[in-house]
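Undergrad: According to TrEMBL:
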{"type": "COMPBIAS", "residues": "80-97", "note": "compositional bias 'Polar residues'"}
{"type": "REGION", "residues": "80-103", "note": "region 'Disordered'"}
{"type": "DOMAIN", "residues": "117-438", "note": "domain 'Peptidase A1'"}
{"type": "ACT_SITE", "residues": "Asp135", "note": "active site"}
{"type": "ACT_SITE", "residues": "Asp322", "note": "active site"}
{"type": "DISULFID", "residues": "Cys360-Cys402", "note": "disulfide bond"}
Amino acid sequence: MGGTGTRERASTRLTRDRGLCFQMNFSAARFCVLTLVSVCEAYSIGLPITQAKKPVWQSTSFAKRLWPFRHRLQPVRQANQRPVQSLFQPSRSTKQDFGQKATGRDVKLTNHHDNLYSCPITIGTPGQEFNVTFDTSSSITWVFSIHAPLAHSRKHEYKRYNRELSRTHYTKYKRFDVLYDSGQVTGYLSEDRVTIAGLTIKNQSFGKALLGPDLFRHTTNDGILGLGLGNIDGEEEPSVFDNMVSQGLLEAPVFSIYLNRYGSGGPDSVLTFGGTNPYYCEEDFTFVDLTEPHGWQFKIDRVQPSSGDGIFSESGYQAVVDSSSSFIVGPFEEVHALNTQLGGMLFEGNHGLYNYKFNCSEVDNLPDVEFIVSGKKLPLSSRDYIAKMKEKGESFCVSSICGMKWIEGGEPDWFLGLSFMRAYYSQFDKGNRRIGFAKAYSFPRI
C-alpha cells in the first residue's frame, strides 16, 4: 500500500522574487481591456518563480493577468481567423521535403481558447487520471491531494490524488509551498509512477497540493506538469523530463511542441517526447544555445518591426519560452517603442495592453515583428501577434506584446508565450543544450 508519514522532515520553499507587478481589474470601457489597480501585487495565475538566490527563469508573465477574466473576456481567435469544419493536411511532398521521418511519442494537447493548453497524465499504480497544464518555464509537477477541499464554486471539480489507492506511492516527508500571483499552493512532495504519452516514469517526485490558488476554480485543470530544465526548484528532485532521459525512455533527450490556433481547422496540438515531426513545420530549425543551466533560456540579438528601426541592446536580450503565458512579455520601454513603431496602437495611459485603434479587418496592414536569434529573423505576422477580443458582443483587437518593468535584476528580458509558440514549432534539446525554432506549418484560413 501507499507510504505514510505525518511529520515534516524538510521543507521545499518556493518564493516569488519578481519585479514590478500589477493587479488587474475588469474595465467597462471599450478600449480599456484591463485596468491597473495596484503595484507589486499581481492578480493572475503567475506560475512560480524559483528560490531566492537562484537564477530566475520561471514565469512572471504579464499576459497571465487575463486568467481571472477568461470566463468574462475571452480571446475569440487570432484576427481575421474564422473557424472551419474541415481538417486540412499538408501535402505529401511538403512532408517529404525535409528528408526526415517523425520520431518520438506524442500526446494530444487540448486548446482552451488559445489561453492555455493541457494534456492528460496518470499517477500511481493503478493510474489515477489528471488533466494538467504543461509549463516549459517550471520544473515542478503537482496535482491536488485527496485531502484538499473541493472548490464548490467551480464548475469543474478537480480530480484529487489518493495515495492509498496506489501501491507504488512513497511519501517523501518534504513540504512544498509555491507562491503564485493569485495565491499559494501548499502541500507535500511524494514519489510515484507518472505516465504520459505511454511513457511511465518511475519514482517521480511531484507535489500533492492541499491548498491552491482560487483561480484554478475557473479552469478545468487538476494541476501543473513542469517541463522546465533542471531539478525541482533547488531540491535534488529531477523533473519529469529529466527522469524520462535518465531512465532511458526516449530515443533522444528532446521534446517538441506544436500548438494550433483555436478554431483554425488545423491538426491537433501535440507534445512529442523524444523527437520531432516534420509534418508540423515548413522549414529547417534555427538553433540557439542555452545561456543558463537551470532553464530554457537563450539570447535574442534584436527585436524589430519589418518596417522601422527596431529595438536592441549591445549585449542582446535574455529570453525564455513560456508555455504558461498567453502573450509575449518584454521590457516596458522596448515594448512601448516597438508597439509605437508598428502604427495604429493606442496605449491607454495606465492600462496594460496596446489596443489597435482601427477596425480589426485592417490588421493585415500591420508590419511583421522580427525576433533576431542566432543571426536569423524569426518573424511574427500580425495574425500571430494581434489577438481579437470580444466583450458583450463587441469585438476589438489588442497587441499580444506587453510590457513589464522589473525592480530587481535576474529576470529574463523576454517571455515568449503562446502567441510566439503558435507561430513556431519548438524543439527543446537537453542533450545539445539548445532550443530550435521552425516556422509552423500555415494551415489555410477559409
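Easy rule for this one: first residue shown is 1, then count along the chain.
Every residue, even glycine, has its Cβ placed from backbone N, Cα and C.
Structural setting of the listed features?
TA: In the predicted model, the domain 'Peptidase A1' (117-438) has a mean pLDDT of 87.
Using a 10 Å Cβ-Cβ cutoff, Asp135 (active site) registers 23 neighbours.
Over all protein chains present, the Cβ of Asp322 (active site) has 33 other Cβ atoms lying within 10 Å.
According to its DSSP assignment, Cys402 (disulfide bond) is in a strand. A simple way to gauge crowding: the CB of Cys402 (disulfide bond) has 25 other CB atoms within 10 angstroms, across all the protein chains here.
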Undergrad: Fill in the CA-CA distance, Asp322 (active site) to Cys360 (disulfide bond), as an integer in Å.
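TA: It is 27 Å, counting Cα to Cα.
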Undergrad: Cα of Cys402 (disulfide bond) to Cα of Asp135 (active site): how many Å, rounded?
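TA: Cys402 (disulfide bond) and Asp135 (active site) have their Cα atoms 20 Å apart.
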Undergrad: Looking only at C-alpha atoms, tell me how far Asp135 (active site) is from Cys360 (disulfide bond), rounded to the nearest Å.
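TA: That separation, Cα to Cα, works out to 31 Å.
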